[in-house]
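A.B. asks: Structure in structure tokens, see below.
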Ligand code: 9MR
């Protein structure tokens with residue numbers, strides 16, 4: 001399995017101690033001390049004994065909470081009859097995949113598209129392999145929900161990206177507030193990553209190290225500790241560092257480059273860089289340059305969480321611009337041999353994380369809320385052709 005990462009903006013935008021949890025946020029579970037009621041339009045739903053999540057209420061708008069307008073455009077949609085993974089493989093990529101999440105798996109039409117391995121050759125669990133889901137109490141590992149996704153991938157003949165091992169978010173309080181000393185926390189990271197394999201979002205946007213329980217206690221040493229433990233656990237697993245806002249050249253991409261070079265010179269296992277790709281219609285960074293620069297380090301590169309959001313409501317012009325932007329991103333990966341695959345952060349606007357986090361924005365995925373392909377789908381196909 002491979003590692004992926006996360007999004008710092010969430011910390012700023014999701015009120016951690018709010019009386020009501022926002023849509024998609026955690027609202028319950030063993031050990032949870034945060035809000036247990038959900039914002040209007042969403043319902044606290046049990047994922048497992050350790051994790052309940054505010055999910056949009058069924059029957060209404062899929063955006064919930066903020067009441068953001070959804071796409072009402074009747075613009076010409078996708079005309080392509082191609083299948084994305086088939087096109088990606090024909091273009092020399094390892095896969096084109098999608099994120100998914102356990103609560104969505106009761107939606108049969110959704111699962112039918114997700115499970116078509118000509119459409120998606122890889123899946124990433126959106127939540128159920130994160131620390132709060134897999135080790136909610138110290139030493140108590142629960143893989144039930146994660147295994148559901150792993151089993152689905154296996155049944156479908158799809159690759160799986162493990163998401164994720166070490167991340168500041170969705171971290172149970174026994175880790176974040178345990179006041180562990182260096183040797184205790186090192187051992188906790190090693191133990192957790194014994195079954196996983198990831199470093200997630202180590203840097204702030206200016207390239208400085210992110211302050212969290214791992215860096216504040218262990219300094220940079222948490223990175224080799226997690227990577228070495230993961231390699232020991234599974235020598236054949238590809239080990240990734242994953243982050244956002246590294247899609248184009250800048251301080252954060254430079255910091256990650258320096259980290260990878262430093263790991264390589266110390267013989268710490270590092271196989272890949274995950275570039276998340278949470279982008280905005282009309283402002284796509286120079287990914288071609290940056291993906292090539294990462295690949296030149298001698299590691300794999302993958303676009304791990306692609307979506308391209310817009311200010312709602314969507315219009316014909318925005319959907320066409322989004323199509324062009326998807327094509328540009330895919331072409332960037334296509335132009336770099338070391339860019340091995342692309343994962344969209346769920347394929348449909350029906351289950352996108354965007355509207356609940358960025359008020360008034362959405363329509364970021366290549367399928368719309370009714371599971372109908374959008375022009376963006378054709379942009380992906382064109383980028384691989
Ligand atoms: O898609 C995930 C959403 O369901 C969760 O509520 C959210 C909260 O942590 O995390 C989302 O996934 C994030 C991923 O794990 C890391 N990169 C950013 C993704 C979007 O926030």
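Including glycine, each Cβ sits where the backbone N, Cα and C put it.
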A.B. asks: What range among 59-81, 82-104, 105-127 does TrEMBL describe as region 'Disordered'?
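C.D. replies: Region 'Disordered', as annotated by TrEMBL, spans 59-81.
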A.B. asks: Determine, from DSSP, whether residue 305 (active site, nucleophile) sits in helix, strand or coil.
C.D. replies: strand
